[in-house]
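Q: Below, the features straight out of TrEMBL:
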DOMAIN    26-53  domain 'C2H2-type'
DOMAIN    54-81  domain 'C2H2-type'
DOMAIN    82-109  domain 'C2H2-type'
DOMAIN    110-137  domain 'C2H2-type'
DOMAIN    138-165  domain 'C2H2-type'
DOMAIN    166-193  domain 'C2H2-type'
DOMAIN    222-249  domain 'C2H2-type'
DOMAIN    250-277  domain 'C2H2-type'
DOMAIN    362-389  domain 'C2H2-type'
DOMAIN    390-417  domain 'C2H2-type'
DOMAIN    418-445  domain 'C2H2-type'
DOMAIN    474-502  domain 'C2H2-type'
Amino acid sequence: ECHLSPATSSQSESSKNHMHKHPEEMKCSLCSAKSIRSTQLQRHKKTHTGEKLHKCDLCSSEFTNLCSLKAHTRIHTGEKPYKCDLCPAKFTRSTHLQRHKRTHTGVRPYKCDLCLSEFTQMHSLKAHTLIHTGEKPYKCDLCPARFTRSTHLQRHKKTHMGVRPYKCELCPSEFTQLPHLKDHVRTHTGEKPYKCDLCAARFIRSTHLQRHKQAHTGVRPYKCDLCPSEFTQLHHLKDHVRIHTGEKPYECNLCPAKFICSTHLQRHKKTHTGMMPHNCDLCPSEFTQLHSLKDHVQIHTGEEPYKCDACPAKFSRSTHLQRHKKTHVVVRRHKCSLCPSEFTQLRNLRDHIRIHTGEKPHKCDLCPAEFTRSTHLQRHKQIHMGIRPYKCDLCPSEFNQLQHLKDHIRSHTGEKPYQCDLCPAKFTRGTHLQRHKKTHTGVRPYKCDLCPSEFIQLQHLKGHLRIHTGEKPYKCDLCPVAMTCSSNLRRHHKRAHAGKESREAISVPQGTGAAESCSVINGHTTSDKTQADTAYTCDVANVRDL
């Protein structure tokens with residue numbers, strides 16, 4: 001039997017005569033490559049000389065032979081003449097088709113030791129292993145970018161050329177290759193053809209599915225030294241560490257915004273175009289991508305499919321669940337210098353400090369309201385629409401989010417699930433508990449110049465000063481009564497005008513900022529409070545804090 005072919009020579013045919021049918025292999029003089037065809041060997045030798053005579057007219061790619069150029073051109077035209085006879089898959093090259101056919105056999109002899117990935121070819125396994133090790137041997141000579149594969153480097157180089165012939169009709173995105181445009185369009189249509197066979201997750205790209213499957217293995221070799229986070233890939237760990245360090249190397253060329261990873265920058269750039277084709281039917285929110293709209297709608301419906309396995313908490317997004325899980329560990333390295341608050345992430349500390357400084361950089365373009373966080377501004381804008389689908393059965397109150405209704409109902413039932421671990425005080429909301437805990441520290445950096453009152457937050461001091469000045473900017477639109485803070489006005493309306501519909505929910509005064517919690521009660525009487533369930537009467541505001 002011949003070792004070069006499955007054929008067996010006949011008795012009348014000698015082995016020597018049979019072997020003449022197989023051409024002798026020719027070896028490259030510069031490397032160990034071998035070929036039975038002289039043309040293939042000549043083509044191979046050009047890879048050593050760097051000679052590339054055939055250039056693509058649509059991008060900067062160059063090739064050593066014409067057939068490689070022709071195959072490359074199909075990437076731009078989208079032509080895929082090689083069809084699989086077992087499934088609808090099509091390919092630009094016959095070698096890609098042959099490689100694909102192996103996926104139907106299920107034979108993947110090359111397995112990764114660090115994850116569940118399996119491959120049909122050894123070189124694919126070697127390229128994959130670089131993802132875990134973080135090694136990126138292919139460097140761009142025009143910028144600091146590095147890559148694990150030469151094909152990724154070639155694809156990247158096209159970004160320096162600026163040639164992007166494939167344009168999206170739904171947003172300003174442009175692409176160098178037609179398949180990339182097709183993948184991108186799915187972000188608008190919501191189509192996710194790649195489904196995980198271990199869970200219900202679906203994805204727009206096969207690479208995203210492969211990355212997701214690693215989550216099922218539980219193998220996360222890359223651990224953060226600053227928190228319990230673990231990752232399957234080294235570059236994910238590097239991106240994560242920037243959350244702790246505050247480093248944001250990716251800068252927007254249209255505004256001062258900076259980001260920790262390139263995907264966040266790309267997502268941000270779409271906000272400059274103004275094109276948001278996906279609109280929410282329940283509020284004025286608009287989105288560039290359909291999946292963002294779907295996540296947003298869960299805020300209105302109250303759907304929270306992501307559950308914490310350590311406590312009863314539920315969330316509308318998986319990212320919110322991941323962020324919450326970090327609260328169960330004791331590692332909180334970022335501490336506030338003005339109060340005992342501690343945070344797992346530096347950005348959360350920065351947002352928190354604005355509570356003390358009174359800084360509110362996010363302004364509403366429909367009223368004078370200002371906020372410390374952009375998410376608070378988005379939530380506030382829904383008030384201007386007047387859409388409040390969630391109604392209380394016990395009073396006329398209406399809300400634009402289901403969670404707000406749930407919190408409100410506790411004011412009727414008396415349920416207070418959030419208990420202070422330093423005193424018997426209980427609260428209906430977690431935010432109220434956090435605010436209360438600051439009273440135990442005794443740190444009150446904001447002092448009134450007109451009386452001995454001291455406050456934890458600057459906004460409380462501002463509200464308190466109205467007691468001295470007599471300013472009452474919050475006016476009732478049903479009677480002449482005016483109040484020093486918005487919460488007093490709300491309380492007045494419920495008691496004095498029960499059953500009557502106000503023409504405006506709140507008369508927000510010019511220059512006062514966002515509707516605040518009652519600064520008169522929360523600030524003016526805080527120093528006298530010792531029990532959470534005691535009613536307090538303010539002599540100045542003439543209202544009771546219940």
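Glycine too: its Cβ is placed from the backbone N, Cα and C atoms.
Could you tell me the structural context for the features on the list?
A: Taken together, the residues in the domain 'C2H2-type' (26-53) have a mean pLDDT of 73 on the 0 to 100 scale.
Note on the domain 'C2H2-type' (54-81): residues 43, 46-47, 90-93, 154, 157-158, 160-161, 163, 165, 176-179 of its chain, located 6 or more positions outside it, place their CB under 8 angstroms from a CB of the stretch.
Applying DSSP to the domain 'C2H2-type' (82-109) sorts its residues as follows: 12 helix, 4 strand, 12 coil.
Remote same-chain partners of the domain 'C2H2-type' (110-137), defined as residues 6 or more beyond its termini with a Cβ less than 8 Å from a stretch Cβ, comprise 99, 102-103, 146-149, 210, 213-214, 216-217, 219, 221, 232-235, 238.
For the domain 'C2H2-type' (138-165), the number of residues in each DSSP class (helix H, G, I; strand E, B; coil) is 12 helix, 4 strand, 12 coil.
Note: the domain 'C2H2-type' (222-249) comprises 12 helix, 4 strand, 12 coil (DSSP; helix = H, G, I, strand = E, B).
Remote same-chain partners of the domain 'C2H2-type' (390-417), defined as residues 6 or more beyond its termini with a Cβ less than 8 Å from a stretch Cβ, comprise 282-283, 299-302, 379, 382-383, 426-429, 494, 498-499, 501.
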Q: Under 8 Å, at least three CB pairs between the domain 'C2H2-type' (250-277) and the domain 'C2H2-type' (166-193) (pairs 6 or more apart)?
A: yes
Q: Helix, strand, coil residue numbers for the domain 'C2H2-type' (474-502) per DSSP?
A: 11 helix, 4 strand, 14 coil
Q: For the domain 'C2H2-type' (166-193), could you work out the same-chain residues 6 or more beyond its ends whose Cβ comes under 8 Å from its Cβ atoms?
A: 59, 75-78, 155, 158-159, 202-205, 270, 273, 275, 277-278, 288-291, 294
